[in-house]
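Visitor: The structure is given below, and queries will be raised subsequently.
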Amino acid sequence: MSTYSLSDGLASGAPRLSRTPLLANWARESGVGVLASIAWIAFGLSCLWWEDVGDWSRTHSLGIAAFVIAAIALFGTVGADYLGSAGRALRKRAPWLVALGAFLTLWEVATAKFAWLPLPFFPPPQSIIEVYTDDLPKLLDSVFASVKLQLGGYLIGVTVGFLTGVSIGWSRAVGYWVHPVLRFIGPLPATAWLPIAFFTFPSSWSASTFLIALATGFPVTVLTWSGVASVSNAYYDVARTLGAKPSFLVLKVAIPAALPHVFVGLFMGLGSSFAVLVVAEMIGVKAGLGWYLQWAQGWAAYANMYAALIVMSLLCSGAITLLFAIRDRLLVWQKGTVKW
Amino acid sequence: MVTAALAEAVTHPAAGAALDIEQVSHAFDIDGTELPVLSDVSISVEPGEFVALLGPSGCGKSTLLRLVAGLDKPRAGRLREDESRIRSPHPSRVVVFQDPTLFPWRSVWDNVALGLEAQGILKSQRHRVDDALDLVGLASFRNAYPHQLSGGMAQRVALARALVNDPKILILDEPLGKLDSLTRITMQAELVSLWQRKGFTTLLVTHDAEEALVLANRVIVFSDRPARVKADIRVDRPYPRHRGDPYLADLRRQILGLLGLDATW
């Protein structure tokens, strides 16, 4: 009975579906794309319509670029069916394109055109573009210096932290001696060492490397240790009855079992090492994005500051993406890991 | 089935090892007070025997298995496998625990390969892993991860992980305890046929009298903690056995009586 009435309901509903105007269907599919296009056209117009209140050289190019993006958004989403996965990806992100276009329009109008926001502190989009085109060599040098410093310190911190963590988790004797030191020194923010580090180390670069390694090492140590310590005894029993020697128990049982914890430590270490990196570059090292920020502030070059901030955020986010990709590869056996 | 098993037994005459448990006592320290768990236990197991250890829960059966496996050392008494003292774990005595305890980061194949890898002979003996997986019927799951397996499948993998080492004594610590009743009955039959084919000595801890009687040719009943041997019962019935067999039903009644459960039966 109920099946019959259900199919009946469907049958009477079907014509209504097919009578849905094609236009509405099309609007649902591509409407957001059209909106995105309109938002970016508005941004382009906002660049070109009024005169700039200041002297910026990239206003015209930015306006043209906005029109190009508007065109891509329009044709990309309307023709998404012919563009395969790129089209699908674009359609999925179309709402973000709308928001971004609207935000840029507002920003453009509020800064470059009517100066509703006080000017040197809130530069318009075109002045940030100007930084990327005109100050590129210096910015790239800074990126390179930051990445080098961060990578060196982080890798040292990870290696030392991981080995220490495994040793404490595995050996009671090592734990006896290292644990109190860890408790005493570890919770101290690495930046507190700054004054000491900069006069005890031969160079500001080695001092910063040490500080970044310290900031990374503590969470990596603690989480590796807790990971190794929390491995169920049942795993060791199984391995021992199958003839495993102690080295096998460490390398093939303890470490793989602790790996999910280790990755939490690597993630936390990455976060705290970014903080130390920027502070170290602002105070001691004469290179890197932190230094660039400081330098830009000294010259009241606020556009340069925003430009450097954007690059920095992309780098940090990229590093975390990379870490998560490595984790997903190594921990495929886990179910339900967080998507970054 | 029986004749086939006999033929197998003739071709592998010495596949199992003898096990001697001589006046073994053991105790745990819990907050400074001594808790005796085994008291003067002596059992002599013939090569190739299937012995079930039956007793109330928490009586110390599992402790005895850990001693046989060499995972712990007894406070008093001696354990011997074929005349040699048991002092540490050895792959000739492999344990299958109540939980499959598969390593979640290893695929099924890698889990089964664990013993050979730990002994450093995996490279030359890879076929043994495939054979063991075939034996438990999970060859097609070789690349699966443990979290993708059902409880029964996981326990089969654990069994394959033990059998790949060609143990002389297979130690089973309630390996079917957590399975649903259907899977349990199937796996009981599989255990018997594996034991008949391979001829290893089997020690099975269980708290299920029926399971003990369907599987073992000897049932040893333990007392409450500290565990003492209360009865040593021979089960002379051919395999495969039937749960409804009146002889087994009678033995079951006797055993439940020994465990103090006659009023409920």
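Every residue, even glycine, has its Cβ placed from backbone N, Cα and C.
Heads up, here are the entries from TrEMBL:
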- A:32-50: transmembrane segment (TRANSMEM)
- A:62-84: transmembrane segment (TRANSMEM)
- A:96-116: transmembrane segment (TRANSMEM)
- A:143-324: domain 'ABC transmembrane type-1' (DOMAIN)
- A:151-170: transmembrane segment (TRANSMEM)
- A:182-201: transmembrane segment (TRANSMEM)
- A:207-236: transmembrane segment (TRANSMEM)
- A:305-326: transmembrane segment (TRANSMEM)
Visitor: Is the transmembrane segment (A:207-236) in contact with the transmembrane segment (A:151-170), using at least 3 Cβ pairs under 8 Å (sequence separation of 6 or more) as the test?
Guide: yes
Visitor: Under 8 Å for C-beta pairs, could you tell me which stretch among A:96-116, A:182-201, A:207-236 has the largest tally with the transmembrane segment (A:62-84)?
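Guide: Checked against A:96-116, A:182-201, A:207-236; highest Cβ contact count belongs to A:96-116.
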Visitor: In terms of Cβ proximity under 8 Å, which residues at least six beyond the ends of the transmembrane segment (A:182-201) contact it?
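Guide: Apart from its flanks, the transmembrane segment (A:182-201) reaches 164, 168, 207-208, 210-212, 214-215, 218, 221-222, 272, 275-276, 279-280, 283-284.
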